[in-house]
Amino acid sequence: MDKLNKYLLREDHHQKVERQREVDKLTAAIKYLWINIGIYILITVVEYWLSVIGDSVALRADALNNLSGVISTGVLIIGLREATNINDDDIIGRDLPAKSVRSQDSMQLSRFRLETVFTLITSFIIVLIGLQIIVTGGTGLFHLKGKAAPNLISALGAGIATVMMFGVYYINHHYGKKLGNGSLLAASKDSLGDVVTSLGTMITVLVSYALHLAWIDSAVSIVIGVFILWQGIQIFQESTLNLADYVDPVLELQMKEAAEKFKKVHRVVDLRSRYNGNILLVDMFIMVDPKATAMEIYSTNEKIERKLHKDFNVFDVTITIIPDPESLK
C-alpha cells in the first residue's frame, strides 16, 4: 500500500511539474508574440505610408500582409492567455461548477488545446487577407491605363521591411524551437513568408522602376497573395489535424515498438495518441501473461511510462491491461 501511495504521489507531482513547465513555456511565448506585434505594427505603418507615396500596389499588398500578422498574432495571444489561466473559474466565458468530477489538473489539459483552436482561427484570417490581396492585384491588372511604375521610395520601404521581418522570423524560430511551442513555430512560418514577400516586393519595385513596366507591380501583388493563401492553408491543415487527434503514424509505430521491447509485454493491441496543444497524451492497450502478478504489471507500466516520456516526450500514458488468452493454452 505504501508503494502504491508513493507511486500516486510521484505521478501527481510529475504531472504538476510538467503542466507548470508547459504553462511557463506558453507564458514566455506570449512575451515574444508581443514583440512580434510591436514590429508588425511599425512595419505596416511604414510600408503603407511609403506605398501611397511611391504608388506601389505590391508594397501595399505587403503592408496588408503584415497587418494580417498583427491580427493573427493578437488572436494567438488571446488563446495563449486563456490556455495559461490556471486559476480562472471559467473557460472561454463558460462558468465552471464549484464541484466537478474533473480535477483542476484535468481541466488544464483542456485549456492547452485552446492554443490550437486559436491557431486555427489565425489561419482563417491569413486566408481571407490572401484572397483580398489576390482580388485587389487582379483588379489592378485591368486598370493600368495612365498608371506609372512605382518609384524608389517603395523599394526603400520593402527593404526596411525585409530586414525587420527577418529579425521577427529569427525570434519566432529560435524561441519556438527552444520552448517547443507550436504557436511560435507557426508564427515563424508566417514571418518567414513575410521576409520572402518583402524581399520579392523590393525586387519587383526595382525591376518595375528600371523597365518602366507598371503591370509587374500588380502581377507580383497577386503572387504575394497566393503565397499568403498557401501559408494560411498550411497552418489550417496542421491545426485541424491536431484537433482531429491526428498524430504522425510513424511516431505512433515507434512508441508501439518501444513498448513491445519490454519482456512482460506480449503485444500492444492498440495505441491511441493525441495532442492537447503541444502536450502528447497516449492511451495504450497491452497484452500480458494472465499469471503475472499485480506488482509485475505495475513495474512494467512504470517502465513503459518512463521510456515514452524520455524518448518521445509523452506527457501522460494511460495503460489498459488485457490478459493474453494464448498464455492459458
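Residue 1 is the first one shown; counting continues down the chain.
Positions of Cβ are set from backbone N, Cα and C atoms, glycine also.
Annotations in TrEMBL come from automatic prediction, not curation.
Feature annotation from TrEMBL assigns domain 'Cation efflux protein transmembrane' to 113-243. If you look up TrEMBL, you'll see 254-321 marked as domain 'Cation efflux protein cytoplasmic'. For 29-51, 63-80, 117-142, 148-171, 218-236, the entry in TrEMBL reads transmembrane segment.
The stretch from 63-80, 117-142, 218-236 that makes the most Cβ contacts under 8 Å with the transmembrane segment (29-51) is 63-80. Predicted-model confidence for the domain 'Cation efflux protein cytoplasmic' (254-321) is 88, expressed as mean pLDDT.
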